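A.B. asks: Dropping a structure here in structure tokens format, bear with me for questions.
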Amino acid sequence: LISISLSCFFLSLYFLLNNMIYFIEWEVVSLNSMSIVMTFLFDWMSLLFMSFVLMIASLVIFYSKEYMESDENINRFIMLVLMFVLSMMLLIISPNLISILLGWDGLGLVSYCLVIYFQNVKSYNAGMLTALSNRIGDVAFLLAIAWMLNYGSWNYIFYLEVMQNEFEMLVIGSLMML
């Protein structure tokens with residue numbers, strides 16, 4: 001993970017210096033006239049954030065090997081950390097509110113599993129607090145998704161210039177950050 005983190009860091013510098021942005025659309029399912037498309041946005045900022053997330057995750061995994069060496073389920077913990085990282089990556093590189101919601105819910109579920117990892121009463125109570133806090137974010141994302149129905153798509157990146165009223169951008173941005 002450290003090597004991928006360093007690669008993302010230098011790639012972000014390259015993207016910044018050359019003013020590059022990659023917008024990738026992947027058609028997941030196409031059935032009759034319906035298609036489900038996943039979109040990914042790679043720019044210098046998303047690559048830099050991915051670099052930091054991967055660096056922190058690699059350090060967590062590195063230190064947990066020694067700290068939790070007597071734990072029988074260390075592989076489960078490492079897999080949970082990797083799933084947390086994948087959910088965070090989906091949250092970082094997605095310009096679509098639906099896939100951001102999927103990444104956010106993935107973070108919430110994996111956070112709950114990480115909090116209750118040691119399986120005692122205190123961790124169960126903290127896990128319930130984590131799950132309830134995540135539901136507040138879900139409500140905010142669902143409100144932003146409902147607001148974006150006015151524009152006809154959930155790819156908010158397409159509508160940044162169309163939103164002439166600054167209040168609309170402020171509301172949608174605030175809901176996404178809540």
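In case you wondered, yes, glycine gets a Cβ from its N, Cα and C as well.
According to TrEMBL, the feature transmembrane segment maps to 7-24, 44-62, 74-93, 99-118, 139-159. Among the features that TrEMBL reports, domain 'NADH-Ubiquinone oxidoreductase (complex I) chain 5 N-terminal' is placed at 29-77. Residues or ranges marked as domain 'NADH:quinone oxidoreductase/Mrp antiporter transmembrane' by TrEMBL: 94-177.
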A.B. asks: Tally of helix, strand and coil residues over the domain 'NADH-Ubiquinone oxidoreductase (complex I) chain 5 N-terminal' (29-77) according to DSSP?
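C.D. replies: Each residue of the domain 'NADH-Ubiquinone oxidoreductase (complex I) chain 5 N-terminal' (29-77) counted once, the result is 28 helix, 12 strand, 9 coil.
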A.B. asks: Across the domain 'NADH-Ubiquinone oxidoreductase (complex I) chain 5 N-terminal' (29-77), what does the pLDDT come to on average, as a whole number?
C.D. replies: 87
